[in-house]
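Asker: This is the structure I want to talk about, given as structure tokens.
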Amino acid sequence: MVPSTVFLLASLVPIAAAVKHVEKPTVFVYVCGDETSTSFPGDHASTRRPALSSSGVASGVDSTTAPGSFLTSTTIGDATSTSISIELSTESASPTDSASSTDSDSSTDSASSTDSDSSTIVETPTSSVITTTGSTVSSTSEAPTSSATTLPPTPMSCANAQLSCHNTTAVADLCCFNAPGGQLLLTQFWDTAPSTGPADAWTIHGLWPDRCDGTYDANCDASREYTNITAILNSFGKTDLLTYMDTNWKDYQGNDESFWEHEWGKHGTCISTLDTTCYDNYKPQTEVVDYFEKAVELNKGLNSYKILADAGITPSQTATYTLIQIQNALKAAHGFVPTLGCKSGVLQEIWYHYNVLGSVQTGQFVPTEPDGTKSTCPATGVKYLVKYATGTPSGTATAPAPTGTGAPFSGKGFLQAYTSGSNKGCLIGAGTWYTTGTCAGYTATESGAGFTLKSSKGDCGIVDSVFTCAAGVTPSVFTDSAGLLAYEGSSNFYTTAVPSGSVQGKVTTAQQAVLVTFKWQST
Ligand SMILES: *[C@@H]1O[C@H](CO)[C@@H](O)[C@H](O)[C@H]1NC(C)=O
Ligand SMILES: *[C@@H]1O[C@H](CO)[C@@H](O)[C@H](O)[C@H]1NC(C)=O
């Protein structure tokens, strides 16, 4: 029985591979980084995500966004994330593991990674290899099954998988071998202008498949460029995943859903092992769930903030660091020097590179060197700025716009919150008060004796004494009272408590424990 079963399976492999779509569109080369050439759908279409840029293409971004200076930092420190550590298969990622601190500049040599014998690559960074088998199985078992005969979708099992980018002959089964995107990158942001996410955590940018030579494919399957990522994750019962993403996978303009759609559509659809044919009992969009789960899982194992802080590299408006210092700290944890992205000498991104033994869903992510030279940081004088800083970053020539100076409520701007005399957070799209996230853009339009407000969520009004912005809300007319937002003559708004962490405060006109006022910050 066994031999014929094996034969049957073996004969099916090429058939399955042949059935897979062969569409492989444009190959991109990293010149300007990832996101600079893409604008997002929705109401931010005119602005772009800042990204790694060696050519200054993204430099126009900052002029349209407020500097990261509009929040006080006093309570930010304890407002941290839901994160962070997960169990690694071997967790002794001691900084002393990496004896070869002096050869870190070899990471910029893209050719060397392909020369390496795969067994060496697997063994060297064992301290940070993440074993993932089982996580997908347990997660898919949460999916509701409509009848006893419906089996949960399961990624194909991958016995004797090969390490991506290390094959010497063509591999047929691309469900168990990532190709052509064989180098997987988990990329992170440190956003300070404006600040996003926890003050002491890097946020996720994406999970990207690179070819093994520094180029990459993008937007590989238009039919799977979904515009309902949140709904998909919810439909699979992934509320914990969504909660984590809400805090740790941030769009700098507050449009997280669009950002997730962009990352999945541009990069996720190019991962061969996430093809719809790579499952037993495939259920539509299972691979989308797997994409976000894997990115989050990798991110949880890459606490860049702590790695750097443990090496004495902490955010500062004044200190600078050398590139080697930063690289050595990260190399000690990851096994290889990741790609570092700077803009004007300010550290903004870390890209961790992996090869994968097997599929993205169930395989092993094996740290490796970057497959191309992509770092954009100077050798010395690298700045690692504080998130939600209050003052002007010292040494920068561009003075940040003063926050909430009582500018007239008109055009586009942020609604900065003030309580007990200081600026603490701002309003986000639904009209709730948030102290650790991205401010929502509001549009103020003259109306009668005052003005109306609108966010990406819809018109803003006082609904049952709660400041609410949503589709279908009847817009209220607000006024400017000595530079403060006022409703029915009063600039006093209230919440039950000053929000912290991922908590959002409902803002009411009815008196409650905390008095808060709002100033306009034009953008
Ligand atoms: C590795 O496998 C991929 C996918 O089959 C193939 O395109 C590539 O040419 C192979 N590499 C080598 C060196 O044979
Ligand atoms: C998400 O969108 C796709 C494509 O429009 C659709 O097939 C799918 O049913 C949607 N899923 C949910 C949970 O809304």
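Glycine too: its Cβ is placed from the backbone N, Cα and C atoms.
Found this in TrEMBL, in case it helps:
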ACT_SITE  HIS205  active site
ACT_SITE  GLU263  active site
ACT_SITE  HIS267  active site
COMPBIAS  52-72  compositional bias 'Polar residues'
COMPBIAS  87-151  compositional bias 'Low complexity'
DOMAIN    408-521  domain 'RNase T2-like C-terminal'
REGION    39-72  region 'Disordered'
REGION    87-152  region 'Disordered'
SIGNAL    1-18  signal peptide
Asker: Using DSSP and collapsing to three states, where does GLU263 (active site) fall: helix, strand or coil?
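Answerer: DSSP assigns GLU263 (active site) to helix.
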Asker: For the domain 'RNase T2-like C-terminal' (408-521), provide the mean pLDDT of the predicted model.
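Answerer: Overall, the domain 'RNase T2-like C-terminal' (408-521) comes to a mean pLDDT of 88.
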Asker: Can you tell me how the residues of the domain 'RNase T2-like C-terminal' (408-521) break down into helix, strand and coil by DSSP?
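Answerer: Output for the domain 'RNase T2-like C-terminal' (408-521) reads 0 helix, 61 strand, 53 coil.
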Asker: Note down the number of other Cβ atoms within 10 Å of the Cβ of GLU263 (active site), including every protein chain shown.
Answerer: 24
Asker: If you measure HIS205 (active site) to GLU263 (active site) at Cα, how many Å is it?
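Answerer: That separation, Cα to Cα, works out to 8 Å.
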Asker: Using Cβ-Cβ distances, find the residues under 8 Å from HIS267 (active site) that belong to the same chain and are at least 6 apart in sequence, listing them in sequence order.
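Answerer: In sequence order, GLY206, LEU207, TRP208, PRO209, TYR216, ALA218 meet the Cβ cut-off.
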